[in-house]
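Since the structure comes first, as structure tokens, the remarks are kept for the end.
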Amino acid sequence: MFSSLRLAISFLTIFPFYNKMADNKELAQSVSYYPLVGFLLGSIAAGVCYAMHSIGLNLAADVLGLVTIITLTGGLHQDGLMDTADGIFSGRELHRKLEIMKDSRVGAMGVIALATVLLLKIAFLFELDLAQKLTAFIMAPMAGRWAMVLAITRYPYARATGGLGACLKQAGKTQLALATLILVAGCLWLFGLPGLALLGIVFFITWLTVEFIVKRLGGMTGDTYGALGEMIETWVIFLILLGQQIRML
């Protein structure tokens, strides 16, 4: 377990906790712990946000919390979001979309997608009470990384030749089940039983989002895993805000 967790942390963050070359089987087993990595990242971000709030900062605290996660992950998922947007919204045929996504240059749609996601996250976080804000910082990365596990284990890989994401395709139902258990436990700890309603909506939105991507690309890639995570994080923060406004969470 701890070996797989260290590998998951090393794979998804800038922390080199796994000091040897992992094979595909080890990478696949580590997928189970992606939501736990999200919990750790979110806890650090929540701590930064709380510290900034304690000295009187509000909007800056929200932004610094988000910047903390981006920094700790090396901007990996934001890069995937931009590449995915450039490819999907290019209006080209399938093979050209995949080529565009591999291009290191960023297009207009990628910039627009990243700006939109960041602005939405900041706006939603700013409207939250401090307690809900801190739970959102923890819950959103957990759910985003669970969504990646769902896509990895249940949907085909889009490219004919393997990329970084293809190394994870040995992951299956066992990894998804454990990742789901971690997510459910975390949600119940943060929200109690009302959190189950939140999870149900998150599961449905995740399914819709993955289906949207697969329909346009023929499968998933490493970039789309990151894009999916970013989109689900944004949805989770919004849903927590909605739950606050209707006094459900």
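Cβ coordinates are placed from backbone N, Cα and C, and glycine is handled just like the others.
As annotated by Swiss-Prot, transmembrane segment applies to 36-56 (among others). Nonlocal intrachain contacts for the transmembrane segment (36-56), taken as residues 6+ away from its ends with a CB within less than 8 angstroms of a stretch CB, comprise 5, 8-9, 12-13, 62, 64-66, 68-69, 72-73, 130, 133-135, 137-146, 182, 186.
Annotation source Swiss-Prot lists transmembrane segment at 57-77 (among others). Note on the transmembrane segment (57-77): residues 12-15, 41-42, 44-46, 48-51, 118, 121-122, 125-126, 133, 137, 141, 144, 226-227, 229-230 of its chain, located 6 or more positions outside it, place their CB under 8 angstroms from a CB of the stretch.
Taken from Swiss-Prot, the feature transmembrane segment covers 106-126 (among others).
Positions annotated as transmembrane segment by Swiss-Prot: 133-153 (among others).
The transmembrane segment feature in Swiss-Prot is assigned to 188-208 (among others); the stated evidence is sequence analysis.
The transmembrane segment annotation in Swiss-Prot covers 226-246 (among others), and the record cites sequence analysis as its basis.
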